[in-house]
Amino acid sequence: MSNHTHHLKFKTLKRAWKASKYFIVGLSCLYKFNLKSLVQTALSTLAMITLTSLVITAIIYISVGNAKAKPTSKPTIQQTQQPQNHTSPFFTEHNYKSTHTSIQSTTLSQLLNIDTTRGITYGHSTNETQNRKIKGQSTLPATRKPPINPSGSIPPENHQDHNNFQTLPYVPCSTCEGNLACLSLCHIETERAPSRAPTITLKKTPKPKTTKKPTKTTIHHRTSPETKLQPKNNTATPQQGILSSTEHHTNQSTTQI
């Protein structure tokens with residue numbers, strides 16, 4: 001398209017140059033015949049035509065240059081943006097498979113070493129062991145790595161990931177449905193049955209209850225020695241005893257006189 005437009009512009013300029021030549025020849029002929037007024041008008045019109053043609057050609061070249069600059073800049077931007085957004089699915093799948101197999105091999109080797117070297121007795125209840133099931137083909141997320149416990153103790157169970165292949169408690173063989181990995185672990189685990197840890201209950205000794213005894217209030221009365229020798233079966237009130245003792249004392253005093 002650009003070559004075709006340039007060819008058309010060249011043809012138009014060539015025709016204009018030929019027309020200007022013929023116009024100049026005609027003006028020279030008129031000048032020879034002493035027609036000065038006609039020559040002046042013709043020259044003025046020729047100057048106006050040339051100026052307008054130059055302005056038009058300049059505008060055309062500027063517009064063509066801007067149109068050419070726009071498509072050249074677009075492909076460079078697209079080429080720079082394409083490698084950033086491009087991701088190959090083959091490499092991601094290959095990396096995922098390699099990491100998945102390495103994680104499974106490390107977890108199985110650790111569990112076998114723990115079972116053979118150490119006689120660890122698990123204190124888990126039977127309900128927890130029945131609820132935990134192992135699946136042979138477990139799908140782990142690519143971004144997450146399972147925690148590795150170097151001390152040999154059993155890590156806590158993650159309730160969100162039921163397919164986690166790392167936590168392997170005592171598994172009965174009845175739960176393994178044709179899974180070779182589960183059957184191998186089941187045979188190893190049957191050699192040592194889990195023993196339940198004894199529960200120790202502390203009895204609280206009851207505190208002895210202390211009861212306060214009521215204090216007796218003693219009333220001291222002035223009595224004579226005769227009243228002291230009276231028997232305890234006397235049912236009279238203490239006031240009557242006091243009055244009788246005083247009367248007896250006065251009678252003795254009168255007899256002595």
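Using N, Cα and C of the backbone, Cβ positions are placed for all residues, glycine too.
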Of the candidates Cys29, Cys186, the one Swiss-Prot records in a disulfide with Cys173 is Cys186
Among the candidates Cys29, Cys176, the one bonded to Cys182 through a disulphide according to Swiss-Prot is Cys176
Rounded to a whole number of Å, the separation of the Cα atoms of Cys182 (disulfide bond) and Cys173 (disulfide bond) comes to 8
Taking only the CA atoms, the spacing between Cys176 (disulfide bond) and Cys186 (disulfide bond), expressed in whole angstrom, is 8
Within 10 angstroms of the C-beta of Cys186 (disulfide bond), the count of other C-beta atoms across all shown chains comes to 18
